[in-house]
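Residues or ranges marked as domain 'CRESS-DNA virus Rep endonuclease' in Swiss-Prot (evidence: sequence analysis): 3-96. Residues or ranges marked as motif 'RCR-1' by Swiss-Prot: 10-13. According to Swiss-Prot, the divalent metal cation binding site annotation covers 36, 42, 84, on the basis of sequence analysis. Annotation comment: Swiss-Prot describes 51-71, 96-102 as motif 'Nuclear localization signal'. Among the features that Swiss-Prot reports, motif 'RCR-3' is placed at 79-82. For 178, 179, 180, the entry in Swiss-Prot reads ATP binding site, with the evidence type similarity to another entry.
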């Protein structure tokens with residue numbers, strides 16, 4: 001099981017006697033905490049780190065504290081300021097960065113010094129570069145071809161509201177029908193996610209970064225039929241996404257149906273997925 005890693009954390013630090021002094025390191029972006037008493041004295045707090053860190057690192061930062069990932073940072077901050085059990089505080093350290101402003105700050109860093117970011121944090125550099133390239137392509141890309149009958153049928157299908165069951169399977173056995181080109185074109189639109197398949201853990205982790213998107217799964221011709229991840233297809237369609245990579249979590253999004261489209265050179269294996277879920281569109 002991968003180590004738990006997160007940016008946002010909640011902590012409870014029990015103590016007796018004088019209030020413990022906390023010395024934050026430069027890795028801490030922001031923290032808020034207060035002295036509370038509910039049967040015993042403790043510090044209740046929230047921490048925002050500059051980057052994802054492991055639970056082990058957090059325990060080194062706050063020895064003896066009980067730590068959990070904060071899934072709702074704003075609510076965690078409010079919880080650390082509740083008056084009912086407060087004795088002293090709250091105290092604050094640093095400046096809290098909301099998720100939107102954090103992205104803007106990162107993009108400003110990238111624009112001001114891309115080569116410096118490339119050396120300091122290659123992973124962050126690649127993510128920022130990807131965001132810039134996607135924005136440019138979205139602004140310039142148009143579909144300059146006549147729609148084939150199957151493409152017209154697909155567009156009419158996805159113009160309808162998605163239901164909680166139907167998986168659209170675009171089938172073209174010969175190649176050259178325009179499946180991959182159309183999948184990439186569709187996913188240039190906001191609210192769509194593209195993948196060429198792969199390991200289930202990688203696919204679910206990538207999708208969990210923006211789990212409200214409609215999905216195009218563009219299966220390469222070289223993929224063997226037995227390697228199709230039907231479990232991933234059904235998890236996304238069922239709106240229960242179980243991500244076990246880096247930050248294990250289960251994402252429930254009941255009631256928010258999305259279109260799931262599979263572009264493939266072979267028909268679905270109905271021994272591995274319910275036949276009545278599949279809508280075939282022939283190229």
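Each residue's number is its place along the chain shown, starting with 1.
Glycine is treated like the rest: Cβ placed from N, Cα and C.
Annotated features, which come from Swiss-Prot, shown on the structure.
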| residue | record | Cβ neighbours (10 Å) |
| --- | --- | --- |
| 36 | divalent metal cation binding site | 21 |
| 42 | divalent metal cation binding site | 23 |
| 84 | divalent metal cation binding site | 6 |
| 178 | ATP binding site | 18 |
| 179 | ATP binding site | 25 |
| 180 | ATP binding site | 18 |
C-alpha spacing of residue 84 (divalent metal cation binding site) relative to residue 180 (ATP binding site), in angstrom: 58
For the motif 'RCR-1' (10-13), sequence-distant contacts whose Cβ falls under 8 Å of one of its Cβ atoms, 6 or more beyond its ends: 20, 33, 42-47, 58, 62, 64-70, 76, 79
Conformational class of residue 179 (ATP binding site) under the three-state DSSP mapping: helix
Extra residues within 8 Å (Cβ to Cβ centroid of 178, 179, 180), ATP: 172, 177, 181, 182, 183, 218, 263, 283
Overall pLDDT for the motif 'RCR-3' (79-82), taken as the rounded mean: 89
Euclidean distance between Cα atoms of residue 84 (divalent metal cation binding site) and residue 179 (ATP binding site), Å: 60
